[in-house]
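Take a look at the structure set out below.
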Amino acid sequence: MDPQKFSRKLWSARKQLILMLAPLLLLPLLFVVPPKEGKCLYVVLLMAVYWCTEALPLAVTAMLPVCLFPTMGILPSKKVCPQYFLETNFLFLSGLVMASAIEEWGLHRRIALKVLKIVGVKPAWLILGMMITSSFLSMWLSNTATTAMMLPIANAILESLFGNLETLKENCKDKSDSQVNMHVLPCEKQVLTTENTSEQKNLKEVRKEAEYQMKVWKGFLISIPYAASIGGTATLTGTAPNLILVGQLKSYFPECDLINFGSWFVFAFPLMLLFLILGWIWIAFLYGGLNTRLCISKHDEREAAEAKAKAVIDEDYKKLGPIKFAEGSITFFFIMFAILLFTRDPKFVTGWSVFFTKGYVSDAVTGVIIISILFFFPSQCPSLCWWFDSRASNTPYVPLLSWRKAQECVPWNIILLLGGGFAMAKGCEESGLAVWIGNHLQPLAQVPPAVAVILITAFIACFTEFASNTATIIIFLPVIAELAIRVNVNPLYFMIPATTGCSYAFMLPVSTPPNSIAFASGHLMVKDMVKTGFVMNILGILCVSLAMNTWGLHMFSLHTYPDWARPLNSTEDQNSTCFIKTL
């Protein structure tokens, strides 16, 4: 058979081959590694391969512990199954349901257009407006939904600013090579040469302006998915890895209660703002938004285009009409949702949870209370007159959110994916695999903790370019936790940067769904994302390192080894004096 055809057949059947070969290739682990640890490592690596290659759907791979852990004697099913619906999953579900209610009544679009009205229509400010809006929305909505909603708005504004994209691409082409027919009389040659030079000069100006506009267009499109990924890190419900951190902390370190919605927001929101500003400066500089060159001959034309773009934004906002009762209600419950989660137990002040039995009320309880109201609160303003008006129409009662809408909008597969991660972490803990891995990481104790933070963040950010961020953090967080214990460093000092870093996937279209959506528009090239994303990754790593060694150090007492992490360190004498290591 022709080798080229055979290679194509292999590629078309790659997923089936991975499904069959991966279990066979990993079998030696059962004989090389100690029995129980080897079995758990076998399952973990098998799931890692399936997750990274998507040989099976991510949610299906997440359910493998339910069948493999009990049958291989790693963990009984009564300990595996409850991991799939911990309270962390309920908190995430609450965020997803709230997001579906916001999308149902179009509140997210009103917020986006209002921000764009405020920032103005200069390219640099519009890019900033796009990034602010995308990051804010992705704190509550999914990154994918935010990107999908913002891109059409961006395209409409860009068409108003620069006209049709195809015309713009045509103007970017070099037309100076077109030759003028020189079979003319000598006396006419000089005139034609002068006209040709003038025409080439005009073409050059048109091409230069078109190239500038094309760069701004790319800057718009690339800023949206990047800002969505950055914004998701600011809240616990913003992205799945943040909740996996909380879930695995509760599994590994039950006495650790430092991370909740409020404390995470206080730490991550300034980090998100810092990274967003630096990212905006880089994107705006790279794609022309901060370029202040304005040709006098183009000034009026550019002003007219900006006025047209402003008119488009104003017109779209007017089409939304006045704020409806349903939008106002959703806004109220959305604000209540955020305030109650933030003030339950923010750590730096006393929260409202002190009014209840200690340890009974969690973020999950708060979230479920608020979203439950959405399913019966009316979407139309109730009126007492309706009861006494016999001529009033008997319109059907419509709540703010129906269960059918929630079923359609909530990505239930993510819930299973979270559960699979918690089940994997529980298996690593119970089987002793985490301790076994930690024993082999002892040489890393020679690396200064501050340097280790940079290396961990950089490694995770690179790995997540090729794998799902959820799968990435599930695979590596147990290893990172054990590494921190082995080098006698506060586990949060390593786990928080890893969790944040796995959301910093900017270099490839396949890195995240938002990147894929922006790339699918057909206006971006892979080299655009690699060039922009490489510097974005560096900026993100530096921002995380700065945050961990400044306000994060004091917020979470990262300069000391905590008591809540000591029981897991089985290799040390529990009665010995606590060793405190200054970072």
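Every residue number used here counts from 1 along the chain in the order it is shown.
Quick reminder: no glycine exception, Cβ is built from N, Cα and C everywhere.
The transmembrane segment annotation in TrEMBL covers 48-72 (among others).
Annotation comment: TrEMBL describes 84-102 (among others) as transmembrane segment.
Feature annotation from TrEMBL assigns transmembrane segment to 122-141 (among others). For the transmembrane segment (122-141), same-chain residues at least 6 beyond its ends with a Cβ under 8 Å from one of its own Cβ atoms are 95, 98-99, 102-103, 108, 111-112, 115-116, 147, 149-150, 154, 157, 161, 216, 219-220, 223-232, 234-235, 237-238, 272, 276, 279-280, 283-284, 287-290, 306, 309, 334, 338.
Long-range contacts of the transmembrane segment (220-244) within its own chain (CB-CB distance under 8 A, at least 6 residues past either end) are made by residues 88-89, 91-92, 94-96, 126-127, 130-140, 143-144, 146-147, 150-151, 154, 157-158, 259-261, 264-265, 268-269, 271-272, 275-276, 279-280, 283, 287, 363, 367, 414, 417-418, 421-422, 469-470, 472-474, 477, 499-500, 502-506, 512, 514-515, 517-518, 521, 523-524, 528-529, 532-533, 536, 540. The transmembrane segment annotation in TrEMBL covers 220-244 (among others).
Same-chain residues lying 6+ beyond the ends of the transmembrane segment (264-288) with a Cβ under 8 Å from its Cβ atoms: 123-124, 127-128, 131-132, 135, 212, 215-216, 218-219, 222-223, 226-227, 230-231, 233-236, 242, 342, 346-348, 496, 500, 531-532, 535-536, 539-540, 543-544, 546-547, 551-552, 555-556. What TrEMBL records for 264-288 (among others) is transmembrane segment.
Taken from TrEMBL, the feature transmembrane segment covers 325-344 (among others).
What TrEMBL records for 364-388 (among others) is transmembrane segment. Among residues of the same chain six or more beyond the transmembrane segment (364-388), those with a C-beta under 8 A of the stretch's C-beta atoms are 87-88, 90-91, 93-95, 97-98, 101, 105, 237, 325-326, 329-330, 333, 336-337, 340-341, 344, 395, 397-403.
For 409-427 (among others), the entry in TrEMBL reads transmembrane segment.
Annotation source TrEMBL lists transmembrane segment at 447-480 (among others).
The annotation transmembrane segment is assigned in TrEMBL to 532-551 (among others). Long-range neighbours of the transmembrane segment (532-551) within the same chain, counting only residues 6 or more positions beyond its ends whose Cβ lies under 8 Å from a Cβ of the stretch, are 222, 226, 230, 267, 270-271, 274-275, 278-279, 282-283, 286, 450, 453-454, 457-458, 461-462, 493, 496-497, 500-501, 504, 506-508, 511, 558, 583.
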Could you pull out which residues elsewhere in the chain have a CB under 8 Å from any CB of the transmembrane segment (325-344), counting only those six or more residues past its ends? 94, 98, 101-102, 105-107, 110, 140, 260-262, 265, 351-353, 361-363, 366-367, 369-371, 373-374, 377, 379-381, 400
Pairs of Cβ atoms less than 8 Å apart decide it: which stretch in 84-102, 409-427, 447-480 has the most with the transmembrane segment (48-72)? 409-427
